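Asks: OK, Swiss-Prot features for this one:
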ACT_SITE  Cys85  active site, nucleophile
ACT_SITE  His179  active site
ACT_SITE  Glu181  active site
BINDING   Ser233, Gly234, Gly235, Val236, Asp237, Ser238, Ser239  ATP binding site
DOMAIN    8-205  domain 'Glutamine amidotransferase type-1'
DOMAIN    206-398  domain 'GMPS ATP-PPase'
Amino acid sequence: MDNIHNHKILILDFGSQYTQLIARRVREIGVYCELWAWDVTEQQIREFNPTGIILSGGPESTTENDSPRAPEYVFDAGVPVLGVCYGMQTMAMQLGGLTEGSAHREFGYAQVDLQATDSLFAQLNDDLDSAQPKLDVWMSHGDKVTRLPEGFQVTGTTPTCPIAAMSDEKRHFYGVQFHPEVTHTKSGLALLTNFVVNICGCATNWTPENIIEDAVARIKAQVGDDEVILGLSGGVDSSVTALLLHRAIGKNLHCVFVDNGLLRLNEGDQVMEMFGDKFGLNIIRVNAEERFLDALKGIHDPEAKRKMIGKVFVDVFDEESHKQTSVKWLAQGTIYPDVIESAASKTGKAHVIKSHHNVGGLPDYMKLGLVEPLRELFKDEVRKIGLALGLPAEMLNRHPFPGPGLGVRVLGEIKKEYCDLLRKADAIFIEELYNSGWYYKVSQAFTVFLPVKSVGVMGDGRKYDWVVSLRAVETIDFMTAHWAQLPYDLLGKISNRIINEVDGISRVVYDVSGKPPATIEWE
């Protein structure tokens, strides 16, 4: 197999909300890439040795004195460079052109008239009826380039942006004022393919099969004949991590499945059946429900509940790891967005989002090496790897489930009675979404237990029982979300089933809050 890291694109992040999309598109094309803060050093770029460089968009203005700049070495490295939005503007400024703020800001759909067909725009045209090639694109900018650097030509214009694209074919420098990475730019993926494959000359060998082969080889090289321990939750990341490690080291992998009593209906049995029986993994099930529930008694605050659940998990996992006296490595399902969010910026100006729980090493008392076979992969890539390894699609494409599980879906204090009722109600909700074809139309759906009683009528009698709320949302990025407009007859069917089949629930409500102002989870 060819080295899948041999050809690679470096993406410098200037803070755009779309920057990770650039990386995902390049990976989709079949080429490895990494995303770094814009203020990297020349030495770091030299060591990475990119085949091409992409400068992302960003929220700053190139007209400000302290605005971010690409390292000068970017333009001296002898590799093709593509500037996107802010990336085009800083390229123009740094190479001797001019930018200025515009009275006509462009946000949303625009049509670019192609003035010259350079290598970047080869074979691209979204308007076949026009004598002049045009591209349907997505704009999001205030500043614009007003004077080209020496050696550049205008390759695209819009009515309000005379220099919407530019190129210097001799040095293979290209700039586009629009965002090719978003799906609204119709030929965006084709444009990026032109840059990455045709201009940079990258081989498209970043495929699930090659990634698996590479990961297995690297695991073997890292751990050799040593034994590895992994906390297996049944979620996508830990499941794919488990199967990669199992393929590489077989029975030297010890999986610990901590059943905390906060899982979905029959989930513990399903995990054991899938990974123990079907895939033959060496897996230990720790039934810790009583321990978790005891620790959570009297705790009502959501953050305090999260912390306690995390603490008890670490304690239980640590006890199990000490029983495996020959284990030398801990495996984690860290994925690439975790690594990006935790990357430190040299100047402190780059936009670093948060510190992530999977990144930054282990507790001091755990004297184990760290194995992270997914740390180069985006979530969609992890799912593709899982599919190639034999995991069922319905498991890989399941809606997100929070780390604390039902601990944040039972409001207030957590009790076994509440969890048992919630499990049954939620299973009915999800089953009916599947049966009606709505499960994959919504981004996330779940049930919340409300610790209040409401009067109900059953037969000839009145009784007070608990209330649950159904929640279903539609979202692209989980940063904002709309409540899903499920059909009334479907909601009615779900409500009737829950009230009739789950003894202890007398009322079902539907949450019609968007994000913002509400969050997706209730706690």
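Using the three backbone atoms N, Cα and C, a Cβ is placed for every residue, glycine included.
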Asks: Pop the Cα-Cα gap between Val236 (ATP binding site) and Cys85 (active site, nucleophile) into the table, whole Å please.
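Replies: Between the alpha carbons of Cys85 (active site, nucleophile) and Val236 (ATP binding site) there are 34 Å.
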Asks: Taking DSSP three-state, what's Ser239 (ATP binding site) in: helix, strand or coil?
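Replies: DSSP call for Ser239 (ATP binding site): helix.
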Asks: Which one is it: of the binding-site residues Gly234, Gly235, which Cβ has the fewest other Cβ atoms within 10 Å in this structure?
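Replies: Fewest other Cβ atoms within 10 Å, among the binding-site residues Gly234, Gly235, is found for Gly235.
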Asks: Output the one of Cys85, Val236 that, of all these recorded positions, has the highest number of other Cβ atoms within 10 Å of its Cβ.
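Replies: In terms of Cβ crowding, the pick is Cys85.
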Asks: Could you name the residues, excluding Ser233, Gly234, Gly235, Val236, Asp237, Ser238, Ser239, of the same chain that surround the ATP site, i.e. Cβ within 8 Å of the Cβ centre of those residues, in sequence order?
Replies: Leu232, Val240, Thr241, Ala242, Gly333
Asks: Would you mind pulling the DSSP three-state label for Ser233 (ATP binding site)?
Replies: coil
Asks: Looking only at C-alpha atoms, tell me how far Ser238 (ATP binding site) is from His179 (active site), rounded to the nearest Å.
Replies: 34
Asks: Near His179 (active site), which binding-site residues out of Ser233, Gly234, Val236, Asp237, Ser239 have their CA within 10 Å?
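Replies: Near His179 (active site) by Cα: none of them.
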Asks: Of the binding-site residues Gly234, Val236, Ser239, which one has its Cα closest to the Cα of Glu181 (active site)?
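Replies: Out of the listed candidates, the nearest Cα belongs to Val236.
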Asks: Using a 10 Å cut-off, grab the number of neighbouring Cβ atoms around the Cβ of Asp237 (ATP binding site), all chains included.
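Replies: Taking all protein chains shown, Asp237 (ATP binding site) has 20 Cβ neighbours within 10 Å.
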Asks: Among the binding-site residues Ser233, Ser238, Ser239, point out the residue whose Cβ has the most other Cβ atoms within 10 Å, with all shown protein chains included in the count.
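Replies: In terms of Cβ crowding, the pick is Ser239.
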